[in-house]
Amino acid sequence: MSRTFFVGGNFKMNGSLESIKAIVERLNASELDPKTEVVISPPFPYLLLAKESLKKPTVSVAGQNSFDKGDGAFTGEVSVAQLKDVGAKWVILGHSERRTINKESSEWIADKTKYALDNGLDVILCIGETIDEKKAGKTLDVVRSQLDPVIAKIKDWSNVVIAYEPVWAIGTGLAATAEDAQQIHHEIRAYLKDKIGAQADKVRIIYGGSVNGKNSGTFKDKSDVDGFLVGGASLKPEFVDIINSRL
């Protein structure tokens, strides 16, 4: 099954007007793999700036979160309609930092995923285990438990990208090996196939966690690793190398 390679850049709570402009200008000036779909996710205040400045047809923008209801009295939240209004095509949901710092449950993430999809935003759905869960041999149990509430609510997965991001690898420099990522991605796809059928073969499963310009090429021949969700390196020139890692 041929799946379009996908590279997301999650800027998290980083950036300024000047630095976001510089990142977008670097992407505009670079030769990017035309077969790779690229999505950048700057902080909310800079989404419109990024969208209006981008000149590459293969690059779009994403919100870092969205709410599971429409506009209203929800201080501090952002709606799907607002993200679409500034040109966002995607939203990142379920990131481990949202799960831990903001105490978001898998059930609520499933609600937000369904609402986003029903209202026209594509979703990058993040799953992944902690170091203690990994050491206890519970990786697959954890990711399945994170997927199950979404599986219960979503019938059409064509606009979902799953990002497997082991919590122990995020921002630590301890990336999973390409072989380990392939094995886990294969298991995730097999579980999906059991639950949602043949469409699982079309769902892109990307890896996140200390991906950089040096290690991204090691994943090149892994059939179930369909791209990357990149954190810190997406703010640096090496992001272009990651985008072009399959060339």
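Keep in mind that glycine also has a Cβ here, set from the backbone N, Cα and C atoms.
As written in Swiss-Prot, here are the features:
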BINDING   Asn10, Lys12  substrate binding site
ACT_SITE  His95  active site, electrophile
ACT_SITE  Glu165  active site, proton acceptor
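With the fewest other C-beta atoms within 10 Å around its C-beta, Lys12 stands out among the recorded positions Lys12, His95. Taking Cβ-Cβ distances under 8 Å and a sequence separation of 6 or more, the neighbours of Asn10 (substrate binding site) in its chain are Ser41, Gln64, Ile92, His95, Gly208, Leu229, Val230, Gly231, Ser234.
In sequence order, His95, Ser96, Cys126, Ile127, Gly128, Tyr207, Gly208, Gly209, Leu229 are the residues near the residue listed as 'active site, proton acceptor', counting only same-chain partners six or more apart with C-beta under 8 A.
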